[in-house]
Amino acid sequence: TVLPGLLAYPVACRLLASLCPDADPINTNGFVAMAQPSAESTYLGKMPAGFGMIAALHGDLDTGDGVGKVYYRQDASPATLRQAAEQINRAFPEDDEPEHAVVVTWVDVASRQHHDHSRGDGLEKQLVIASAETTSYAILLYPRKGMQFASTAVGGSSQAMQAGFSKGLVNYLVFSTRQGPYYRITTERETSVRALAEETNSGKRGVWVYEIGTSPYFTSVAPGEVTDLPPDTGLESRVSEEATSKRYPGGGQQVTYSPYEPEEEVYRKEQPHQGPHHGGQFTVHTVQYQPQVVVVDDGDINVDVFSYNSETCANNRNKCSTFADCKDYASGYCCHCRPGYYGNGIQCVSEGKPQRMNGKVNGRVYVGNSPSPVEFNSNDLHSYVVANDGRAYVAISTIPARLGPSLQPLSALGGVIGWAFALEQPGYKNGFSIIGGEFTCQAEVTFLPAQEKLTIKQVFSGIDEHDHLVVSTTLEGRVPEVLRGSTVQIEPYSEIYQYSSNLITSSSTRDYTVSLDDGSAETRTYQWRQTITFQSCPNDEAARAVLPTQMLSVDQVFVMYDSNNELIRYAMSNKIGDVNGEVTSQENSCFTGRHGCDTNAVCRPEQGTQFTCQCAAGFTGDGRSCYDIDECREIPLACGEHSVCNNQPGTFRCECNDGYQFASDGHTCIVDRPVDHCAAGSHDCDITERAHCSYSGGSSYICSCLPGFQGHGRVCQDIDECQSARCHQKAVCYNTQGSFTCQCRPGYYGDGFYCSSEHTKSQCETHRDRLLGSTEYGPQPVPGQYVPTCDSQGAYEASQCHGSIGHCWCVDRNGLEIPGTRTGPGRGRPLCIEQGPTVHVYPLPPGTHLLFAQSGRIEFVPLEGYNMKKTEAKTVLHLPEKVIIGVAYDCVEKMVYWTDITSPSISKANLQGGGAIPVIRSDLESPEGIAIDHLGRTLFWTDSMKDRIEVASLDGTKRRVLIDTNLVNPRAIIVDPVNGNMYWADWNRDAPKIETSAMDGTNRRVLVKDDLGLPNGLTYDPQSSQLCWADAGTHMIECMNPAQGDRRKAMGAIQYPFGITSHGKNIYYTDWRRDAVIMVDRQAGTETDVFLPQKQTRLYGITTAYAQCPSGKNYCAVNNGGCTHLCLATPRGRSCLCPNNALGVSCVESEGGRF
């Protein structure tokens, strides 16, 4: 994710002084300054600061009395650069390696309020600024034992320390300045500070990597891309004990690095210039930086910032596999598979036992020159490996015929699986033996000669409860076309694997032959480059002594596309061995795979060519024939009380009876007491800024990534929308966490998604120009008249002044004065708070339109008859940094209403022009569905966190809860004002349903509860009396007449619908997988058109904005139905209801009767 215009760093950090040429840059308060810092009172407890800084973790810190110290040095030694490159490449797998580095270390620094601390209980952290040829990086390291406190005293109160990047004040207009761009790593909460030692963006706990500039402009800060942690082995990032144990003679502590011989000219700081300092080590000297003192050392320093915390097996034995032992080492512990099993100790499988893999395939692939991709939507992937001969089989289902033949060359989809379980030659190990079953493989395929590229990302997440390895595959890119009916033959190939502690790379060139129907054939080639990242155990040096290179040999490659069953199949034999391919003159059959052992047996080599076959654990027999042992029958007490034993091939599993769950020991079954882990905070979803936890009954919950992030909910990564050309061609794209913004280039106007050379005036500009008037000499203000000032984006300036009377005041985003902010003559401008992003509303042209929500915007597509005029689609409302879920349209006042889950809030805007108007901003948690009764002038909505349905008048007053029982995940809601009915959908995964009631909440009943999956959207067509819903679980659109119950399928085989609306014979729905608005002929049951917005992100709610209100009346349409407050239509007439907050208000209720 990128923030524009943040910092201007040098490419090579050859001298730390170059970071801040006019001042000493290192500060004991925990930051590196890019300019002369201001007084402490102006920046402590604040981020961003008024000057440029890199804040490792800044607060009111102290190094007095020789207790804490700060060291820095410039370093280009190979060892340090290798360490930095390892962290950078883990966070940014494709980036360059650094050439120079600056290392800053804060050791045992105290909080000034606790200056009397003991040595060893202070704060420790480290900042490494590393520079490659074109890019610089900041590596921040936070050891657990060094995070002794998270806040310091500022202005008499305790405030959390801050980490991040700030450009400081920048020039604005001509004579003023304003805060420049910044990037915050922490928030105002102490939990965000403590999380620095527990989480990561680089794949290693406590290590955070940021790209902080790209030559020659240095205009961005981008965080690392690997936020998921490896398997928790209890080994945490730390600054090693050895590194901080060597004492200064004076009682302080010295951090030691290996001796460094400077290659650059180095100047001492005591004098302006003494000439170059060559050779030897830097002397220790003090730099005065009032009132701080920084000890700078570039001598014998050797802090190992990339090691782990020491923990023992006593508290972590359960983190090893059931088939592994735990062993303590001097620096921590490691897990080792027992004899008869292999793996990394965290994941162990039985030797000789066949291995099965299951997973899903997602993504999109273009074929040949086709402008439209073939999309994968959780296609099934299954794999089977005969481990004792290295034969691997892979099958992927539901591959359409226009793609299937062209995937045949990609046997590489099963390549990493073959490597993981390849037949091992003497002295060599396959992938699973080294790294286990939790790793990530990122590969790039380049087809020659046309340079088509395909990226393959496979995430292996370990062994599931069925002893199957779980893999998730994502495909993105383009492949050359292979014509239908063609066959593909892949020649044997070899691939060199290069190993380091947590990174494996490989590359190869592969040839394949395409044989066409006419008998002709051609040989083609593609290049393969692959990176595998994983987490190793660093404490056992002997276990890490894997050969730096090994060669995977692949032959007997078979590929086939089965068009009848839409299946692609791959098969191959895999061996791992010497890079030179050397073999002995007499090969043992165990190493060739030609041994004849049972598929559930391991081949044991003996002297010469002799061998024996031994059944794998959990099987019995002579090795040539092996049979499963039924442990449940032969070991009656294999499982304890309140449980059942289930036999499985080679093993067995215990499962608790209904109403019981496993205790913390993983074996004893105890009474299951439901826990709402979402409310308790005991869930394992990603942080709230990236993911949402949804309670689904019992002790179950669902993790889902927030819009703008991708993943399975437990780990969510930011989507870089700027990589997909989302903005207008005359705009610049800036990616942010969970979102992005588009800004029109100079000379163009608009919201960035649509830019034009014709400028549409904002509300402020219209207001200003109307008051200025026009004369033959140009616009001239009326003498004594107040004229508002607008900023460069057309928004009202936060502070406004009336020059004639000398008064100034603060205004909101609509230009209205904020009470209590006015100042008199001579008192200057008041301090006004910026009102946040400007809301841009662009007038809606005449006619009927579709309105749909897409993250922070509402767009429209004009309708001509029932067809979409896609070329005229535009943005009607732009709300940066918001996530709009539901939309509704009031045809009377031409207003659009929407729900926003980021605030959370409900707002409205006039589509003829004007700003956003808040309607409801309190007592909301996750407002989603929204509906308007244009006759009774009321607003209805669902809240999926509060689990209730509410109503209010259109201005947000007279608010009342209608339904708050038996709701789990209410989302879609619609009303039928003419007949007085309300409908809503609850997508509770355990019991999804569609319900109805009168609009006053009475006469509630379930309409549909069977054969539902994830009913996301609802629509009602008053002309045909058809209620239709879109279900992302069943992948169907269905309809029914609520009064008759005649349910029928309107459209099948859709992907992931969210919102739905209807107009005449057509249904229009938004789809998350296709990022599109799809038009369906409801009567024919066919898809008739697709609209792809320029911004390709998730689409949410959709509604129809009618040119004229639909015909019909209800009892609330005239004189509010005679009610004092809320008038709600019912099938029999209307109900008069009082708001929930009507205490002390004269309100009369009457329910359900006619008048």
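Please read every residue number as a count from 1 along the shown chain.
Including glycine, each Cβ sits where the backbone N, Cα and C put it.
TrEMBL does not curate its annotations; it predicts them automatically.
Feature list (source: TrEMBL):
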type     : residues  : note
DISULFID : C801-C808 : disulfide bond
DOMAIN   : 56-215    : domain 'NIDO'
DOMAIN   : 353-586   : domain 'Nidogen G2 beta-barrel'
DOMAIN   : 586-627   : domain 'EGF-like'
DOMAIN   : 628-670   : domain 'EGF-like'
DOMAIN   : 674-717   : domain 'EGF-like'
DOMAIN   : 718-756   : domain 'EGF-like'
DOMAIN   : 761-832   : domain 'Thyroglobulin type-1'
REGION   : 223-279   : region 'Disordered'
REPEAT   : 894-936   : repeat 'LDL-receptor class B'
REPEAT   : 937-979   : repeat 'LDL-receptor class B'
REPEAT   : 980-1024  : repeat 'LDL-receptor class B'
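According to DSSP, the repeat 'LDL-receptor class B' (894-936) comprises 0 helix, 24 strand, 19 coil.
Cβ contacts within 10 Å of C801 (disulfide bond), excluding its own Cβ and spanning all protein chains shown: 18. For the repeat 'LDL-receptor class B' (937-979), same-chain residues at least 6 beyond its ends with a Cβ under 8 Å from one of its own Cβ atoms are 694-697, 886, 888, 890, 892, 895, 897, 899, 906, 908, 918-920, 923-931, 985-991, 997, 999-1001, 1004, 1015-1020, 1022, 1029, 1059-1060, 1112-1114, 1116, 1120, 1125-1129, 1131, 1137-1141. Looking just at the domain 'EGF-like' (586-627), the mean pLDDT is 82. There are 20 other Cβ atoms within 10 Å of the Cβ belonging to C808 (disulfide bond). Nonlocal intrachain contacts for the repeat 'LDL-receptor class B' (980-1024), taken as residues 6+ away from its ends with a CB within less than 8 angstroms of a stretch CB, comprise 696-698, 700, 702, 929, 931, 933, 936, 940, 942, 949, 951, 962-963, 967-974, 1030-1035, 1040, 1042, 1045, 1047, 1057-1062, 1064, 1067, 1069-1070, 1101-1102, 1110, 1112, 1114, 1128-1135, 1137, 1151-1152.
Across the range of the domain 'EGF-like' (628-670), the DSSP-based residue counts are 4 helix, 18 strand, 21 coil.
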